[in-house]
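**Student:** Sharing a structure below in structure tokens format, with a few things to ask.
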Amino acid sequence: MNYHKYKRQYFLPPVKCMDWAEKDYVEKAPVWCSVDLRDGNQALVIPMNLQQKIEFFKLLTKIGFKEIEVGFPAASETEYTFIRTLIEEKLIPDDVTIQVLTQAREHIIKKTFEAVKGAKNVIIHVYNSTSLAQREQVFKKSKDEILKIAVKGAQLLKDLTEQAGENYRFEYSPESFTGTEPEYALEVCNAVLDVWKPQSDRKAIINLPVTVQHSMPHVYASQVEYICKNIKYRENVVISLHPHNDRGCGVADAEMGLLAGADRIEGTLFGNGERTGNADIVTIALNMYAQGVCPELDFSEMTEICEKYEGFTGMKINERSPYSGELVFAAFSGSHQDAIAKGMHWQEEKQPEHWTVPYLPIDPSDLGRNYDADVIRINSQSGKGGVGYILETKFGLNLPPKMREAMGYTAKAVSDHRQKELLPEEIFELFKKTFENTSSPLTVEETHFEKSENGVVAEIKSSFNQKPISVKASGNGSLNAVSNALKKAYGFQYEVVTYQEHALEKSSHARAIAYVGIQKPDGALAWGAGVHEDIIHASIDALVAAINNR
Ligand SMILES: CC(=O)SCCNC(=O)CCNC(=O)[C@H](O)C(C)(C)COP(=O)(O)OP(=O)(O)OC[C@H]1O[C@@H](n2cnc3c(N)ncnc32)[C@H](O)[C@@H]1OP(=O)(O)O
Ligand SMILES: CC(C)C(=O)C(=O)O
Ligand SMILES: [Mg+2]
């Protein structure tokens, strides 16, 4: 591959800007602006239709966005009609500002103003490209000429707003900022601001787009910090970021840009957007949330948000997409399941107010996700912790620790053999099939007990490999007496080393489950379980099943 073909296309600020490095997390939510609805930015193969856009807009307001870029009205009839519909049908909540994008060209700006007539809160966003590549190759204009395009556009926005007697807010983007010399981008932005003369009650937005990502995030942070420190009217200017994701660093650019002093983020749900997408607002917001900072957006109904988003856009959320993907809370590997199950118990008992459960950066239930379905999932990588957790939480079975281990290996082997995940019901069936076998080769058909001086005498009718036998033996309890009778009848050699029981249901007719572990002369363990309303019956079934499992 011919890497000589490429060179770095970004420019560092003329002075070192590193204050961002002193901060380690984003301390407060930025102003969020969703750019999910502008077709040019979304680059969907089939752009959304009017109804889908309206529903998407409603979803965005429900999540809590207060600024929403609703389109580029001069770009297409659908975008124009959508904006008109929002306004004419009064679908814009009073506390939501719509934003519209326009090139710095007179007829396009005029069409944009027509589109927003009658709207209460509007941001008119004007842009032109300032990068070296675009100046040389596309516009074929000098720095001064490019600056004049921006200033002319800014002036027209101001004039048309005054003529309309409106109070629209303005945004300017030096498009391709990341390929622009920072001092030149600053000069252009300052020239635009000199036209607008922003006030505290009508701040201007200067948006620094990562139109194409050319550098590591810390370079962008330095560029942003340079603009923040040197822009005129800083107190009346909102510094906004619009990172795309070409190097896979859209979220990192947004976060580091905020550390560098920015106030606002333009991005999209799940990082959709042209080419590799925009900064993913879901991730940025929930990264904050996971560090105890209120993101001021509500993703508590994530499953519904995902379904709607996929329906509107026709895009698919990747299973590994942070916080939202189907698999992002799933733990398959045994040690992780073990740690999560223990962590959740610890959380409940010791620290309900703070979440530190291993492997789960946030509590899945905060996003409406379900522990049973989403977290502990069983395949060949799973172990006793996960299998035990499923049996306990879904089916009320609290296995002795060593039996959990045996069940864990059984489930793992089946999953490995079938090369598929085992669902909770399949695990339960496997448990019953493996540990509740009271029919072959040993069966116990009848038991009678009498109290004796030292305990109990059991008389049993049983058969082993279809050979029936009746035998009597004593023991210190019923199970011990039956066990002694079976040893006497068939010469079995084992010791009962574990016996555990618990109720399965809460009613007065509750069935009980008994677990029996026996140890063979070679030290190996075998396990059985029995379920019955009578606990003695349950324990004998468990013993028989353990013997059958030797
Ligand atoms: C990174 C971004 O997301 S930028 C925004 C992306 N675009 C959108 O979202 C909307 C989609 N765009 C469109 O549909 C079309 O470009 C339209 C409707 C806006 C304009 O269409 P047209 O005028 O027919 O064509 P086109 O955009 O190719 O025009 C190019 C001309 O505009 C000039 N131009 C391009 N951008 C700008 C700008 N921001 N400001 C001023 N002039 C510009 C070009 O230099 C070129 O000039 P020339 O005719 O002298 O060569
Ligand atoms: C119009 C601008 C902000 C844009 O979408 C980009 O540069 O990516
Ligand atoms: Mg963009």
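Keep in mind that glycine also has a Cβ here, set from the backbone N, Cα and C atoms.
Caution: TrEMBL annotation is automatic and unverified by curators.
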**Student:** Given that TrEMBL annotates D39, H242, H244 as Mg(2+)-binding, name the residue from N2, N272, N278 that shares the site.
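**Tutor:** Same Mg(2+) site in TrEMBL: N278.
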**Student:** I want to check the contact list for D39 (Mg(2+) binding site): same chain, sequence separation of six or more, C-beta distance under 8 angstroms. What comes out?
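**Tutor:** Within the chain, D39 (Mg(2+) binding site) has Cβ neighbours under 8 Å at P47, M48, G71, F72, A75, S76, T78, E79.
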**Student:** Within 10 Å of each Cβ, count the other Cβ atoms, then let me know which of the binding-site residues H242, H244 comes out lowest.
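**Tutor:** Counting other Cβ atoms within 10 Å of each of the binding-site residues H242, H244 gives the minimum at H244.
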